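**Student:** Not my notes, these are from TrEMBL:
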- 31-90: domain 'Acetyl-coenzyme A synthetase N-terminal' (DOMAIN)
- 99-526: domain 'AMP-dependent synthetase/ligase' (DOMAIN)
- 582-660: domain 'AMP-binding enzyme C-terminal' (DOMAIN)
C-alpha cells in the first residue's frame, strides 16, 4: 500500500525547517502512523477523539461497516453510543476550554476591495447562539432540514453552525444555482425553512438572490410543497446601525444596489440602500436582523448521537438527478479536523485561506468545520480572483499574511493566462503551503503554481477527495511525502485504496484502472438522503466489497497514485485505455493553449476517437499549422494511439458555476447531439451554440 521507500529522483522535498516543525515530519513517521491507522483504527482515531468533548462515550465498536452488497445492507457506523455537538466542539471548546475567545476566526474580505470585517471566536459563538434561538423561535427542531441559499458572508457560517447547535440538518445550496435547482433540493430534502439574502455582487455582476429564492419557493408551492418561512439577510441593503446592532457580522457593502429609495417607517422618512422591486411576503418572509435583535446570546447545545445527520449536500448524478449526500456528526468532525491539521500542517500562528465557496463540500470541510475545529484563523472571501484585477488573490495574501493557501486548478490555469507579472506585483513572502482541490492538476499548472506563486519554496498538496468522502483521501503530507507534480501521492490515514480491472480483480504494482477503497474512514458519507438503494447502487454494486469512487487511477512504479479522471472520461481507443486528463495535459504544454478538454466520440473501427476542445492563450490564433503541432505534441508525449482525431478551437468551454468543465455536454457537441439534458448548472449557456457552430465535421457520424 505504502512503498518501503520513496524515490529521490524526480521529486520535490520539503525544507529542513518545515520538517522540524511538522506534525508528520518524515516519510518513516508517515508510514508508521499509516499502518497504525489501518490495522488499529480504534487506537488511531481514539487518540484523535480525545481532543474533543463527548457528553457520553462510545460503547460499541469504534468503526463498524459492511461494504459488500451480497452480504446485506451497506452501512458505516462510527463511535456508536457517543453523544456530542459539533458546534460546541468548534466554538465553545475553543472559547472556554482553550481560551481562544479573542482569536480571529475569520477575516471577511468582500467583493469590493475595502469591504472587510474581523470576527473573533467569541463573537462568532454569540451570533451562532442568537441565531440558534431564532431558528427555535421559528419552530425548527432536532432532525429538521433547513435550506441555506446565501452568498459568502459570515452569516452563512453562522446559519450552518446554528443548525448544528440545535441538531437541525443544514442543506446548503450554492448561491449560483437557479430557482429550479434550489426548488428541487428543497423538495428532495423536505426542508421546513429557507435562509437567504437580498443579493450580492460577483465582480461587476449583481445577483438578485431574493428574487431567485422567491421564484424557487413559488415552484415549491406549485409542486404542493409550500415552505412556510424564509429568513432574509439584508446584505446589500442594510444600514450601518443594522450591521452593528441587529446581529450582522458583515459590514454594509460599499457597493449597494442601484436605485436608492425612500422608505417610510413609523412616520419618519429614512434613506435605505435596498434592492428595488423585491416583493416581501409577510406571511412567509421574516427579517434576519429583526429576529436577531431580540434573541438571547445563550443557547445550550442539543447533544446528538454520533450517527445523527449533520448535513445534506447535493452532488451531480449520472442520471441527471442530484444526489443528497448525507454526512453524520462524529465521524465527519474527527476526519475534517484531522485532515485539515495534517494536510495543511496547521499551526496556531497560521493564516489560512481556502478560496472555495461554502456551497460546495470544500467550503463545508475546509472553511467551516475543519479550520474551526482546530481554532484556526481563516480568510473568507466573497469575490472573484480576477476582480477588480487579476492580482486580487495575491493582494489578499499579502494583506492578511496568508501562510496556507488552497484553491482550484481552474483558478490556477485562469491566472496563468495573464502571465507572471500580476503575481510578482506582491511579495507573497508569508506563504508556506499551497494546496489544490476539485480536479486533477496538470503538471504544467502545478509547476507554475509551485515556481511562480510559491517561488519554489512552498510544498503543493494536490488533494483528491469527493463530496462523498467528506475529506481528503489521497494527498501528500507537506513535510513527509516527496512530491511529484500532478500526483495525488498516497492515501490519508485510515484510507485503503485499490486499483481494479473491469472484472473487479485487484491490480498490483504499476497499473491503471478503477480507483476503489477497501474499508471506510470516519468521514465517509452514510447514505443518499431518502434513497439508500441509490447509495448502494451508485457506490457499491459494481464491485461488491469496495467503495467505488467512479474515478480512474494510475499507480506508478514508485507507488504514487495519479487520478486520471472520471471513469466516463476514460477512452478505449483500439483496445487501449486512454485518460482524457493525460491528453489534456499534453495539449496544454503547448504555449498557445490555455485550457483543453478531451472527450470520446464513437468510431466504427477504433471504438472511440479523440475529440479535443482547446482554448487558446491571449493573442494566439488557431491555424492548421498549430493544429498539426498539437497533434504532434500529443503523439510525442503519449504515443501514436493518442493522436487526436479532431481538434476544435473553443474560445469558451461549458463550465459549472464552480468552474468544472461539463464534459458530458462536450460529448454531446462532439457527437452533434442537440439533446443536452439538464443544463441548470451551466454558468454560461451562450458557449453551447458557439461550440455547435464551430464543431469539426466527424466523417463517421
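All positions are counted from 1 along the displayed chain.
Note: Cβ is positioned from N, Cα and C throughout, glycine not excepted.
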**Student:** By DSSP, what is the split of the domain 'AMP-binding enzyme C-terminal' (582-660) into helix, strand and coil residues?
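**Tutor:** Counting residues per DSSP class in the domain 'AMP-binding enzyme C-terminal' (582-660), I get 24 helix, 27 strand, 28 coil.
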**Student:** What is the number of residues in the domain 'Acetyl-coenzyme A synthetase N-terminal' (31-90) that are helix, strand and coil, as DSSP sees it?
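**Tutor:** Final tally across the stretch: 26 helix, 11 strand, 23 coil.
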**Student:** On the 0 to 100 scale, where does the mean pLDDT of the domain 'Acetyl-coenzyme A synthetase N-terminal' (31-90) fall?
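**Tutor:** When the pLDDT values over the domain 'Acetyl-coenzyme A synthetase N-terminal' (31-90) are averaged, the result is 96.
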